[in-house]
Structure formats: structure tokens, C-alpha cells
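Enquirer: To start, I am sharing the structure in question, which I have written as C-alpha cells.
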Amino acid sequence: MPLKSGVLLVAALLNLSLGFIVFLRQPKRVANCTFGAFALALSGWCLTNSLTKMGIGVKGGFMVGKFAFALGSLVPCTFFAFALVFPGDRVDAPTRRWFTAIYLMGVVFAFLSFTPFILKGVVLRPWGLAPIYGVGYPLAILYVITFLGLGVVILAKKLVRSSSGYQRLQLKYLFLGLGIFGIAVLLFSAISTLILGTNQLVYLGPLSTVPMVAFISYAIVRYRLMEIGIVFQRGLVYLGIVLILSTLFVLLDYTISCLLPSSSHLVWDLPAFLLLILLLAPLKERVEATVGYLLPWGRRNHQEVLREFSRKLTALLDLRSLQRLIVETMVEVMQAKHASLWLLEEGQGDRYRPVAAYPNRRLQAAGLAVHHPLCQKLKEARQVLVKEELARQLEPGDLERLEEGFALTAASLLVPLFSRGDLHGLLALAEKRSRKVYSDQEIQFLTTVSYQATIALENAALYHQILVARDHYGMLLRHMDSGVIAVDRTGKITTFNPKAAEILRIRQKEAVGQKASFLGKELAGPLNRVLRGQGYSQQEGWLTLPAFSEGSPGDLLKGPPGARRVGGEEEDPTGRRRLFLSMSSSPLRDWNGGKVGALLVFSDLTEKKQLEEEVQHAQKMASLGMMAARLAHEIRNPLVAVKTFCQLLPERHRDTAFIDSFSSLVGKEVNRINSIVEQLLDLSRRAPLILRPVALHRVLGETLALLQNEFLERGIQKVCRFHPEEILVLGEEEKLKQLFLNLLLNSLQAIEGAGVIMVSTEIRSQADPAAPSAAHRSPPEENGKGAPWEAWIQIADTGRGILPEHLPYLFDPFFTTKEKGSGLGLSICQEIVKEFKGEIRIGSETGKGAVVTLRLPLSLTGVEDRE
């Protein structure tokens with residue numbers, strides 16, 4: 001097959017393939033159908049021209065030439081029909097009439113091509129077959145030029161009037177194909193024949209249709225088109241590379257021919273070719289740089305902007321300024337009319353709200369719901385969404401739902417901002433001021449920018465949260481009513497809040513940076529113990545400072561009472577200021593649980609302690625007053641009887657019966673007074689007490705045995721539910737017996753008739769909050785560290801119970817509800833329990849009996865001491 005014929009055959013096949021691709025892409029679109037017809041006509045024209053170059057003779061050439069002119073007559077009408085609908089797809093009634101007229105004219109000229117009116121015959125020339133034109137050939141040329149020209153004019157008007165950036169870019173691609181390659185068709189097919197009088201170059205006309213069809217196909221099929229300027233730039237780059245390499249190859253070949261005329265060119269051409277291949281990569285970079293410098297558009301500009309933008313992002317941590325920078329940069333670089341940044345709102349996180357816009361404009365404050373179809377589309381696509389592209393991809397119903405979101409954001413392009421797989425926000429860009437479409441390179445640039453912007457926004461948001469948290473915690477520290485001291489792992493003070501400075505009278509700037517020992521051993525001690533591995537601890541004590549000085553604290557003392565108050569504070573006899581502090585210390589840990597320091601929180605309880613002491617003193621005085629009144633009443637009754645007998649004694653001293661009665665009564669009343677005095681002495685006596693391990697069950701059993709006859713006489717049942725093992729408590733055996741005896745007697749006396757007294761024991765943790773309902777708790781004595789477990793003893797009866805209004809006074813001396821009794825029994829029980837570092841509670845409901853609960857510390861030795 002001749003070369004010319006083969007080239008034209010390839011052109012025919014390429015045009016046919018491109019036409020089918022466009023048609024099959026969207027066969028229902030009129031623009032695709034008309035372009036398919038146009039490509040088919042061009043393909044047939046190229047095919048017939050290919051056949052004329054195969055040596056088929058004059059007769060065969062004449063027949064093929066008629067088909068060539070007939071198919072060529074269909075090219076103008078199909079192109080004009082394509083121009084009527086492209087780049088849209090709207091066909092109205094006038095357009096349909098134009099279709100009918102133009103296709104009819106094309107069919108007429110195709111029919112005339114088979115008559116001598118256009119082609120009279122074919123002659124054989126030295127270069128091949130040459131046509132003999134008929135009288136109608138100029139008319140056919142006029143037809144071709146007219147309708148091709150009208151099509152170009154229609155497309156040019158659309159380019160000027162179109163408001164769609166994408167459609168304008170499509171038209172630009174079409175004109176690029178027509179301008180560069182359509183002119184070649186006219187030049188080699190018609191003008192060369194009329195002016196030069198030769199058809200040797202005619203075959204180049206059909207061949208030049210391939211790039212034209214390719215450019216138009218690209219404009220129809222592609223949803224995202226490359227900017228024309230970049231196409232032109234890349235074309236210049238590749239053209240420059242080809243020219244430079246070709247020139248170098250020719251120079252090398254010529255030099256070798258001159259130096260080694262007898263050598264085979266193949267031997268030297270291969271190394272020269274390899275050398276040019278090695279030069280290809282660096283040459284491409286140099287040519288791209290040169291063309292980029294000469295042409296102001298293209299990738300080079302975006303790379304510079306990206307570098308500058310990245311530099312600003314890394315240098316900016318203020319969230320508001322960063323958000324403003326992003327939208328301003330996008331407007332400046334993309335030449336957009338408007339840009340806005342939408343981020344997922346903090347807190348609820350169900351809406352994207354505008355946080356920055358440039359130029360400033362009012363956006364919907366309600367925001368964009370996370371479940372909006374547009375947001376769901378962004379999550380599914382995970383790429384930039386262009387409104388015009390979606391209009392060509394989606395059905396009208398789906399597009400309508402998305403257009404609402406585009407209108408809400410005032411955008412024609414949306415850039416998603418993904419963070420850890422979730423849609424963190426979106427960047428909305430309006431159309432360009434130049435009405436150009438966003439090119440593929442610009443969208444790639446926006447995609448790259450979105451990654452960097454998301455990271456920068458996250459960092460700025462975290463920094464903002466840190467600042468807010470720092471200010472918040474700083475405000476808390478400033479307004480806390482407790483002192484706060486924190487140290488790092490080395491024991492250096494890092495936090496010293498104003499309250500700590502006020503309590504300790506140490507300036508903050510003097511304390512921060514010092515070692516913990518600067519605070520004194522009792523304040524530094526808890527911090528150092530935490531750093532050495534101890535966990536949370538809490539303690540109370542007296543802190544003694546030099547009076548009214550700015551010096552370092554002194555020692556934390558269990559200082560003796562007896563201080564005097566100076567200026568609202570307490571000062572001991574040595575002149576030092578004393579504070580009662582409650583302190584708690586705990587470790588500071590990082591996110592991984594590693595210890596990074598220690599924290600000490602303390603409160604000044606001096607005033608509270610003083611008020612408590614004053615209240616206790618007042619209560620004690622009131623109790624003493626009541627006790628004195630009741631004591632006077634208890635002693636006065638027997639004294640009245642003694643006084644009466646003494647007054648009657650002078651008159652009746654001879655009366656034997658009176659003397660006997662007098663002796664009996666006086667002895668009885670004196671014994672009563674003596675009993676009251678002894679109980680008072682037992683209540684007030686503070687003899688040194690040595691606590692020893694005592695077997696609880698044994699003491700309870702012995703006490704119950706003492707009262708065995710009392711239980712039998714009253715018909716009261718006793719129930720014992722003891723712990724399976726013996727329980728050793730810290731106490732004194734005789735006082736324990738006295739304690740249990742008083743409590744059991746109270747229960748026996750509270751039961752009228754038959755009843756039940758249940759005694760139970762168990763071991764519980766000190767942290768166990770279980771307690772009888774409606775219980776009155778007596779204030780326990782501070783028992784220091786103690787054991788972590790304790791003994792619980794409960795004595796419950798089914799007696800008449802205690803009235804609620806009597807519960808608060810049960811432990812007051814001389815308070816009793818019995819007709820006979822001193823009212824000192826429970827007071828003595830309470831004193832015994834306090835001596836044992838325990839606690840006593842009494843709970844009761846009227847008519848349902850009472851429950852006495854004792855909590856006594858366990859012995860840690862595990863061996864009873866019965867000395």
C-alpha cells in the first residue's frame with residue numbers, strides 16, 4: 001500500500017473511531033449525534049481520498065472521485081448542524097427547520113457530485129490522478145466555504161455571549177482545532193488546487209482533520225478541560241524539544257559525515273541517538289522553565305503560590321487570621337468573585353457554618369446540615385465538585401437537590417476538607433471574574449491546598465483550644481479559694497496561684513522556679529513523697545509562719561493551742577503566725593499515664609477551725625449549764641428530804657419511829673447523792689488508757705451471761721449472730737463490758753412484755769457507707785491513720801422505739817425518758833467509744849424498736865492481751 005494511501009486510511013479510521021466514541025458516550029444528546037455525523041462524513045471523505053492513491057486507474061479513480069466529492073459535500077452541512085446545537089443540547093423549532101434545509105442542501109450537492117456538473121472526469125498526471133472539474137465546482141466550493149463560515153460565526157457568537165465558563169472553554173477548544181487544523185484543510189484541499197494548479201498536497205487536507213476532530217471530541221467528552229493557555233504552553237514545550245533534538249541530531253550526523261565520510265552512518269547514529277535520549281530529561285526541564293518564564297500562566301505560577309501559601313500557613317497559628325488568609329489567597333490566585341470557608345461547628349457538630357468570607361458578604365447563618373445531599377455527595381466523591389460538571393453528569397431531580405446547597409454557599413466549586421476520614425469543612429469558590437472555567441490544573445492545585453489547609457486549620461484549632469484552656473485554667477487558678485502549687489519531675493515549682501501567695505505570703509514570682517524545699521519541709525514533704533511514688537494523700541495541720549513577714553514558711557506543726565489572735569489571724573506566744581491548713585497531694589500525669597510532676601492543693605481553715613472551737617466551747621458551756629441545773633435538781637430532791645427530817649429532829653428526837661424512819665431515809669438519800677457523784681466522776685475522769693487487743697465475742701458472751709436471769713424473768717429472747725471468727729478490737733476489757741452492759745440494759749428496759757434482742761458482729765471496710773436509716777451519728781473522735789477495716793457491732797431490740805425529736809439529745813448528760821434513771825448511761829457509753837477511737841450511732845422508728853451500731857477499730861497484732 002502506498003504511503004499516502006496508508007496515511008489517509010489511518011486518518012479515516014481515527015475520525016470514525018472518535019465519532020463513535022463521542023456518539024456512544026451520550027447517544028441521546030443532539031450535539032453528540034450531530035458531531036458523530038460530522039466525523040462520519042470526514043471519515044468517508046478521507047477513505048475515498050485514500051482509495052484514489054492506490055493505483056486504481058482512471059476509470060476507477062473517476063468513480064471513487066465522485067464518492068469523494070459526495071461525502072465531502074456532507075461535511076459542511078453536518079458541521080453547520082453541529083454548530084447550531086453545540087455546546088448545549090437544546091433543539092427548538094427554528095433549529096429543526098435549519099436542520100431540514102441544510103441536510104437537504106447537502107444531499108443535493110452529494111447527488112450533483114455524481115454528475116459532470118462538479119466532476120467531469122479524471123486524468124493521469126506524473127504525480128498521479130488529477131480531477132477535471134465541472135462548471136459547478138466553484139459553486140460547490142462556495143457552498144463549502146459558506147456553511148463552514150456560517151458555522152464558525154454561530155460558534156463565535158456563542159463564545160462571546162455564553163455565561164458558562166465551561167461552555168466557553170469547550171468553544172475555545174473547538175476554535176483551536178478549527179484555527180490550527182481547519183485552515184490546513186482548506187489550504188491543501190481547495191486553495192492549492194485553484195492557485196497553485198497542483199493536487200500533490202491534497203492528501204494533507206484530509207489528514208489534517210484528525211487533530212481537529214480530536215480537539216472537538218475532547219471538548220465534548222471531557223467533563224473537566226485543561227486550560228487553553230496550558231495546552232498552548234505544553235505544545236510549545238514539546239515543539240521546542242523536537243526542534244532542538246532534531247537540530248542536534250542533524251548537526252551530529254553532518255559532523256560525523258564530514259569527519260568520517262567512509263564510515264557507516266549507522267555505527268555512529270546509534271550513540272548519537274542514545275546521547276539525545278540522555279539529554280531529553282534535563283532539556284525538558286530547561287524548555288519548561290524558559291516557556292514558563294515567557295508565558296505568565298501555567299503550572300509555574302501555581303507552584304510559586306503553593307510554596308508561598310505553605311510558608312504562610314506554617315507561620316500562622318491564630319485561627320481567625322488563618323481562616324481569613326485561606327479565603328483571601330483563593331480569591332487572589334483563582335481570580336474568583338467570592339470565596340468562603342465553612343467548618344463543622346463545635347459542640348453539636350450537625351452543621352457546617354461559614355467562618356470566613358472574602359470579599360465580606362452575608363452568608364446563611366443557619367449553615368449547611370451535615371446530612372444535606374451536597375455534603376453527602378462530597379463525602380462519597382471525596383474530590384472537588386464543580387457545579388457545571390454535575391449538571392452534565394446527574395439527572396435533573398438529583399441536580400436540583402444539589403443546586404440548593406450550591407446556592408446556599410454561593411459557590412460554583414466546592415473543595416472538601418477531610419480530617420481523619422471525616423468531612424471537617426468545605427471551601428466554597430464562586431465563578432471566576434473572567435467567567436473562565438476552573439481548569440484541571442487549578443482543581444489539582446485546590447486539592448493540594450485543601451490538604452495543607454486542613455492540617456493548618458487543625459493545628460490552629462488545637463492551638464486555639466490550648467489558649468482557651470490555658471486562659472480558663474488560669475482564671476480558675478486566679479479565682480480559686482484554695483492554694484495550688486505544682487512541681488515538675490525535678491521538684492521545681494511551676495505553678496503558684498494567687499491564693500497560695502496570699503495564704504503563705506510569698507510572692508508568685510519569687511516562688512515559681514524555686515525548688516519545693518523553698519516552701520518548708522512540711523509543704524515540700526507531700527510533694528516529694530508523690531514524686532517518689534506515693535499516690536494521693538490528704539492531711540490537716542498547723543502551719544507556723546513568721547508573723548507579718550515575707551519569708552519562707554516554717555514548719556507544719558501540730559502546734560499547741562493557746563494562741564492569741566492578732567489582726568484577725570492567730571499568733572502563738574513566740575510571735576509567729578499560725579494557720580490551720582487542709583492539704584491534699586496527688587501526682588500529675590501526661591496522656592500516656594506517665595508521671596510529670598506533683599500537685600498540692602491546700603485551704604486555709606484557720607477561721608473555720610476557730611469558729612468550730614468557739615461553737616464547741618459554747619456547746620460545752622451550754623451542756624455544763626444544763627448538767628449543772630439537772631445535777632442541782634437531782635441532788636436537791638434528796639437534800640430536801642434530809643433537811644425536812646433535820647428540822648423536825650429537835651421536836652421529835654424522842655420519837656423512836658421517827659428516828660428509825662429518819663435514819664433509813666437519810667442513809668438512802670445520801671447513797672443516792674453518792675451514786676450521782678460517782679457517775680459524774682466516771683464520766684469526767686480521764687485516767688491514762690492503754691488500748692490492748694480484746695476478744696470481742698468473749699466480752700459480749702460474758703456480758704450476756706450476766707444478764708441471763710434478766711432475759712428469763714422478762715421473757716425476752718436473745719439472738720446472737722456473730723462473725724464466724726473471733727474479732728480482736730483495740731480497747732479495755734472492763735470498759736467494754738460496761739459499754740455493752742449499759743446498752744443491753746437500755747434495750748431490756750425498752751421492751752414491754754415479750755420481745756427480741758439481736759446482737760450481731762461483722763468486719764467491714766472503713767469506707768463502707770452502710771448505716772441504719774434515720775440514724776443519729778455522734779461526732780467520732782479523730783482516730784489518726786487506723787486500720788483499713790473495723791468491727792461493726794449492732795444491738796437491735798423490738799421495744800417501743802425513740803421519738804424523732806429525742807434523737808439529737810440522747811448523748812446529753814442527764815437526758816432521760818425513763819421515770820427512774822440518771823440520764824448518764826449513754827453519755828458514759830459515748831465517752832468509752834471515743835476513748836476507743838470508735839463511733840456510736842443510734843437509729844430508731846417509733847413503735848419498731850431501736851438499733852445501736854458500734855464501730856470499733858481492729859487490732860493489727862492478731863493476739864489478745866489479757867493483762
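For all residues, glycine too, the Cβ spot is worked out from N, Cα and C.
According to TrEMBL:
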- 768-777: compositional bias 'Low complexity' (COMPBIAS)
- 469-514: domain 'PAS' (DOMAIN)
- 552-576: region 'Disordered' (REGION)
- 768-787: region 'Disordered' (REGION)
- 6-24: transmembrane segment (TRANSMEM)
- 31-51: transmembrane segment (TRANSMEM)
- 63-86: transmembrane segment (TRANSMEM)
- 98-119: transmembrane segment (TRANSMEM)
- 139-160: transmembrane segment (TRANSMEM)
- 172-195: transmembrane segment (TRANSMEM)
- 201-223: transmembrane segment (TRANSMEM)
- 235-254: transmembrane segment (TRANSMEM)
Enquirer: Sort the residues of the domain 'PAS' (469-514) into helix, strand and coil with DSSP and give the three counts.
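Expert: For that range the per-state counts are 22 helix, 11 strand, 13 coil.
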Enquirer: Mind checking which residues of the chain, 6+ beyond the ends of the transmembrane segment (63-86), have their Cβ under 8 Å from one of its Cβ atoms?
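Expert: Cβ under 8 Å, 6 or more out: 30-31, 34-35, 37-38, 40-42, 44-45, 48-49, 51-52, 56, 95, 98-99, 102-103, 105-106, 109-114, 118-119, 122, 129, 131, 140, 143-144, 146-148, 150-152, 154-155, 158, 170-171, 174, 220.
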Enquirer: Per-residue pLDDT averaged over the domain 'PAS' (469-514) comes to what?
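Expert: Its mean pLDDT is 86.
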Enquirer: Below 8 angstroms Cβ to Cβ, which residues of this chain, lying six or more residues outside the transmembrane segment (31-51), approach it?
Expert: 4-9, 11-13, 15-16, 18-20, 22-23, 25, 64-65, 67-68, 71-72, 74-75, 78-79, 81-82, 84-89, 202-203, 206-207, 209, 213, 216-217, 220
